[in-house]
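Some notes on the structure that comes next.
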Amino acid sequence: MAFMEKPPAGKVLLDDTVPLTAAIEASQSLQSHTEYIIRVQRGISAENSWQIVRRYSDFDLLNNSLQIAGLSLPLPPKKLIGNMDREFIAERQKGLQNYLNVITTNHILSNCELVKKFLDPNNYSANYTEIALQQVSMFFRSEPKWEVVEPLKDIGWRIRKKYFLMKIKNQPKERLVLSWADLGPDKFLSDKDFQCLIKLLPSCSHPYIYRVTFATANESSALLIRMFNEKGTLKDLIYKAKPKDPFLKKYCNPKKIQGLELQQIKTYGRQILEVLKFLHDKGFPYGHLHASNVMLDGDTCRLLDLENSLLGLPSFYRSYFSQFRKINTLESVDVHCFGHLLYEMTYGRPPDSVPVDSFPPAPSMAVVAVLESTLSCEACKNGMPAVSRLLQMPLFSDVLLTTSEKPQFKIPTKLKEALRIAKECIEKRLIEEQKQIHQHRRLTRAQSHHGSEEERKKRKILARKKSKRSAVENSEEHSAKYSNSNNSGSGASSPLTSPSSPTPPSTAAGLGLSKRCPPRDVCITSTSSTSASTTSSSLASCEHRGAYTAPAPGCEWCEPRGLTQLHPEFPKGNFEESRNL
């Protein structure tokens, strides 16, 4: 079967191009030194993080190893006396955090084995050169005509891909390069189809593809041999570098930044686009274009490392184009990577960031037009043009290519179908990764906006308004309840009160007895067994105090209706008894 749902044996699921971030969480002082606790995270998921503990001496050792890059890295200086003071440790911690930020944001440094081992020792503790040598030695048992001259240490950027200088025993002066690589996370071919396609690569003949002399593979890796080119790659030409030097030394800090001439840019660009179109027409996925994968042979560019897509290795620029959801096919990936390559050819250095807002002066406006169509904000947002569209642009349309070699690359129908399915799986993984990055970016923006000072002030003002509104509503509700209780005071459910005892304020209010009559003269009649007298007295008010008083017109208590009318269920006997008293 051409496609395997489960990861095949030997496949490395870890994507080495996913960036690592590091933050110093705390420091702890021991007897003679200080340790720094660092939280390292791979990608955007906080769940994919771990802690490491490093001393200053570990940082110093790493910095010494990175000096080959020729960069001035901001490592805090050493201090022999007073290096255990609390203030000094806090200041040094800030400096070390800045140092980590610099090396993790540098595209070349962050992908090198030294930094990966420092931040993620569990996944990068193996000696990959030794592993490669073991695999190569096993191969030489069945192929005795080859012989290793020397390992070409770290000439490439990949951690799991190693190079060796080779020779043929009966041709000792001829030099070749052997490359060995593990399987990557994008390997979706079955082992049978994978090995068949690897063995097809030497049969590929194209004027702009660097010829493969020998190729073989097993269930976990692949081995290819090509001729060694003393002139090196297109990147070596741009950076004036020696091909055998380590990758960090060649490209991290070039001594002289100078782009190529306009005619070179036009010719090399046209040749690269032609071979990309050829591969896409054949249904062969690539996705690994960058200046180090273009070999120079005189005035001719030849593409390298066609096996990378079969091995499932991630692209050099993956951390760039995975940020843009419109770059979601291998053709659009190749076009975007061509923009990076064209920028390097034009300006002698890679872009500082992508997308590029404005381009420096170029030898021709036609160059800027192509760069804008591949690296600008609008292009990254709306999508890449097709390779055929780039070939029609003025920069390349008038370039005449003279070659007598006829392209030839025969792929059986069964393997074409396997390549198609594998290509779809590679693009599917890319789309899923882009979706996760997009969701994380939206969430981060929302949290940042929610936590801004202006947003906090707005929330405080809204909270105060809501509190005032609630207070007003509660007050109105309380007033309404109080009013309703007054209006229902004459109802049948009011509590009964003995007239011989003082009426509580609440009961009096419920019975409507709290009103006082205006001051007037009231006649009080007293009945005795011996005599009766009438007394006229001026009272300030008439109030129920537990004794009966003569009725006074206009007073709710003094009206003749009495309590039986104020409260129909009030017992009449009690009222008569009270009046007699």
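Cβ coordinates are placed from backbone N, Cα and C, and glycine is handled just like the others.
If you check TrEMBL, you get these features:
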COMPBIAS  437-448  compositional bias 'Basic residues'
COMPBIAS  457-469  compositional bias 'Basic residues'
COMPBIAS  483-511  compositional bias 'Low complexity'
DOMAIN    14-126  domain 'PX'
DOMAIN    88-481  domain 'Protein kinase'
REGION    437-514  region 'Disordered'
REGION    561-581  region 'Disordered'
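Under DSSP, residues within the compositional bias 'Basic residues' (457-469) fall into helix, strand and coil as 13 helix, 0 strand, 0 coil. Residue counts for the compositional bias 'Basic residues' (437-448) by DSSP state, with H, G and I taken as helix and E and B as strand, are 12 helix, 0 strand, 0 coil. Over the domain 'PX' (14-126) the predicted model carries a mean pLDDT of 93.
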